[in-house]
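Marked as signal peptide by TrEMBL: 1-23. The domain 'Trimeric autotransporter adhesin YadA-like head' annotation in TrEMBL covers 93-117, 122-144, 282-306, 326-348, 351-376, 379-404, 684-708. As annotated by TrEMBL, domain 'Trimeric autotransporter adhesin YadA-like stalk' applies to 233-275, 521-564, 785-821. Summarising the annotation, TrEMBL assigns domain 'Trimeric autotransporter adhesin YadA-like C-terminal membrane anchor' to 853-911. If you look up TrEMBL, you'll see 934-975 marked as coiled coil.
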């Protein structure tokens, strides 16, 4: 039971007892340090000493009559009529005020303070949460560290306080409300409302509304949804009235259609001719609207300020854009589309080659059919794609997605200029952060790291893939695959697969699932074939049973003849050990010495750490992206100039001169997207995604990224080039793979999984899969080792892969030496059980020693302590018991062992007295009266005992006399 729950239960029971037992009393006080002054007040709890001053738990006042005040807890004060204080050091000092929690103060009538360190000084005010302060009447604060000084106002959210606990965010206005974090309203600014964060309304602003984060007020009687640098759309607005007296907001739809406007006034304002169009274009069917725009190509368009569309069907919209080739488009600010069918959208983008596209901020698409999307991405090679932030792609037919990734490398040409080197990074992929790929037909998925501008983690191998964080493959190591983190494949290693965090590989044609110090089990393995030519992994179940092995070869290996029957061997365990066996083991194991070392006082800790491989890990700092990276350049200029940009409705009006609606197909043709150039998603299926030259996806919810991948299966994927996936729920990572069956996975190159094969996995270059439910790591003649495997379970039901060490140990255990090793292992396990039992015994003995004393109504709480020992283990226990009355008691105890690795045991108990004697009441008597009575009874008892002894002596004398008389009488009778 948690301590908080225990306290709550005790407090609830105390209140219940108070209500049931003292309902007719005027005052009630319970607990050390509680005072309930008259009249009809309740104080339950204890005092609290701080700086040598005792703060009592008080209900009422000593100098005047206070009715119905309640103080429950520790050092609370409820000092006025109907006031309530619950918790720790709360104060309710006004009529009908309430303070609940930790150090809250309700100092005005009908006010409430709930939580921790809240204060209310206004009548009818409320403060809920942490460290809120409400001074205004009828005002409220909900949340943390807010202050409200205005009347009939409120603050909801989180503010801030200084080191001296002064509030930095205050609502000083009347009839004003703030909802959100870190907002403030100045004094004298009334009837204002804030719904957002980081909003400040200055002095003398009234009747305004501010909506949204970091918005600013436009003055009195205004509604603001942003600021000078942060503007927001207002959407889903109903059509407003259009008239000379209308104050309604109108919609883009109304502006687009122009219905209801004063056409004469508009023509006079714009200075247009009777035809309604200003056309300064010099090309046939060209259009130039705005300031200093040039449209000299046939059917070209230029809108805005100083835009130029210089060739046939070219378009330039916005500020200082240039569309310089046929069918090119430039939209935004300072964009240049200088390749035929090229497109540049956003800010300072350049699309310089045929069918190239650059979207976002300062992107460069320099290769034919290349695409750059995001911030400062560069696609230098033909059919390249760079998406995200500061990605660079130099190799042909390659793609980089994420943050600061690189593909390929540059070289100097005959003129000394840097140009892409076509020998590096061809048809490669990067998905993630700060990774580089210089190998051909290779890929990376995950997070690397930069050291300045140098990449620390690079895939330099050909036909190789890395999935995970901080991996690397050296140059000259081809056809390798990594699925894990912190893995490095060195030079000269071919056709290997590495799985898992910190795994290692040291040779070609190897599958590694760990390292020399970190081994992993391979579980849920299907039974492999057992034959002279088998290359399958076998399971612990097969090793356990031995079915299918060559028994003659095993007997020869073990050095036993064919006449020896190994089945007669009986495995020894604790059920059939003899006393002789135990004595022998104790002698060989030197038990006394082993016990001496159990506390590890004499071991070399550093050597153990080195052996265990712990204590030397270097934490990996997670990358945290901030807005201080200059992601947006020259925002002020951009926002100033964008007032001259064409609007969405302008584009819709002029995109197709023959119609009032946008022709989507013409827009696609004009922008150069939607074709097979690899610039956009070319999937035709529901939920599909296809990125890359010649890549197609026809399966539902499937994905293909790379060069000429084809995915027709549903919920499937292909990454690399060129892969074919027709199976459902199947994925291929690598190059030239084919998957025709369902639920199959390939991580490698040149792998084919035929139709009808399901639930199989192929790892590595040129691996083969011949059946369902199979994991292949190679092919016939090109088998791979699986290294760094943890020991698997060896049992009748095990499906774990077993290691060569386990197989070797099984062979060793089949001889006499193995039996001795088995005995030693069993003895170690028995010794561990003994240690555990002894620890439990000592803990139990300590708890058993906690005994409460008899019930005393003036001392209901008791603290107990006990020691426990069993064999060589010692423990200590402490306990607490509490009598709620003479019929019901609760007790709790906890025991701790005295070992380096402390063990614990705990209990909670409840005792209820039943029977006819239940409900006995006790007459409280002073202690000295009881002592005097005991002394009196003791003296009286001694007197009675003396009298009884004296009577016994007299009776003995009388018996003696009677005996003598009887003897004399008998003599007389005989003589007669």
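Yeah, the Cβs are placed from backbone N, Cα and C, and that goes for glycine too.
Just so you know, TrEMBL annotations never went through curation; they're auto-generated.
Remember, predicted model here, so these are calculated numbers, not experimental data.
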By DSSP assignment, list the helix, strand and coil residue numbers for the domain 'Trimeric autotransporter adhesin YadA-like head' (122-144), in that order. 0 helix, 12 strand, 11 coil
Between the domain 'Trimeric autotransporter adhesin YadA-like head' (684-708) and the stretches 93-117, 122-144, 351-376, 379-404, 853-911, work out which stretch tops the count of Cβ pairs under 8 Å. 379-404
State the residues, same chain only, that lie 6 or more residues beyond the ends of the coiled coil (934-975) and have a CB under 8 A from a CB inside it; answer 'none' if no residue qualifies. none
Counted with DSSP (H/G/I as helix, E/B as strand, rest coil), the domain 'Trimeric autotransporter adhesin YadA-like head' (282-306) has 0 helix, 12 strand, 13 coil
Give me the mean pLDDT over the domain 'Trimeric autotransporter adhesin YadA-like head' (379-404), rounded to a whole number. 94
